[in-house]
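Trainee: The structure that follows is given in the form of structure tokens.
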Amino acid sequence: MSSTLYRRQLLKLLGMSVLGTSFSSCVTSPARAKTVNWGYIGKVGPEHWGELSPDFALCQIGRKQTPIDLQIADVKDVHSSSQDLLVTNYQPTALHLINNGKTVQVNYQPGSYLKYAHQKFELLQFHFHHFSEHRVDGKLYDMELHLVHRSKSGDLAVMGIFLQAGAFNPTLQIIWDATPQNQGTDKRIEDINIDASQFLPAQHRFFTYSGSLTTPPCSENVLWCVMATPIEASPAQIAKFSQMFPQNARPVQPLNDRLVIEAI
């Protein structure tokens, strides 16, 4: 089977557009979202996002929302090498950190990417959530890392990686040590490099489905790849983030009629 035909069949299973569909609104709308006060608790919390702005309507009425509870019994297996389906090429980049008041975000310089079914997505940034946003059979993890990518046509792909309490994580500590404490500030450190590949789990088995951004405006048709194997961070490292952001995770959303595929 040709790579193009394989990609067409896989994306059809996921219920996503096959070729040429731009998700550029997913990229530009979060900038507009900054002008609307939203958060994770109270009257600006997730259950009210759809009421805060017409731009946020999908947060309330969308049918392909993220995160979801990944129910293993309902997942469809694809017996294809996950390493062939999802290929990453992440290079070290100068550390550029932002504390935007919602999370800690690391912006990435051009040149790093992933390929999903032979479609290339450039790594734009990664950020963290506490607790995890996705669940696996109801299991909640301590944190979740999201690596956000965009193709030349504007398509978005996000890789989710669970973090659980365990061994000290030296790459994470580089970020924690440099994180600005004041909200709305950023820091660029040219002589310190960060390498996103250090966050990838040793096993590349992953779940994939068509979802959305997990923050307003909750734009849909985002390709999600959630790694099945968590990585570790020390309890102290998890505690440091949770002190800054006690709760910055959106609750799970209905799966509706979507299909979740596991690449094994």
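Placement of Cβ uses the backbone N, Cα and C atoms for every residue, glycine included.
From a predicted model like this one, the values you see are computed outputs, not experimental measurements.
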Trainee: Determine which of His146, His149 appears in Swiss-Prot for the same Zn(2+) site as His127, His129.
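Mentor: The candidate from His146, His149 that Swiss-Prot ties to Zn(2+) along with His127, His129 is His146.
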Trainee: About how far apart, in whole Å, are the alpha carbons (Cα) of Thr214 (substrate binding site) and His146 (Zn(2+) binding site)?
Mentor: 10
Trainee: Rounded to a whole number, how many Å is the Cα of Thr215 (substrate binding site) away from the Cα of His146 (Zn(2+) binding site)?
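Mentor: Between the alpha carbons of Thr215 (substrate binding site) and His146 (Zn(2+) binding site) there are 12 Å.
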Trainee: Long-range same-chain neighbours of His129 (Zn(2+) binding site), Cβ under 8 Å, sequence gap at least 6?
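Mentor: Long-range Cβ contacts: Thr103, Met143, Glu144, Leu145, His146, Thr214, Asn248, Ala249.
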Trainee: Counting Cβ neighbours within 10 Å across all chains shown, tell me which of the binding-site residues His127, His146 comes out on top.
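Mentor: When each Cβ's neighbours within 10 Å are tallied, His146 tops the list.
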Trainee: List the residues in the vicinity of the Zn(2+) site, defined as same-chain residues other than His127, His129, His146 with C-beta within 8 angstroms of the site's C-beta centre.
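Mentor: Going along the sequence, the neighbours appear as Thr103, Gln105, Phe126, Phe128, Glu133, Glu144, Leu145, Gly160, Thr214.
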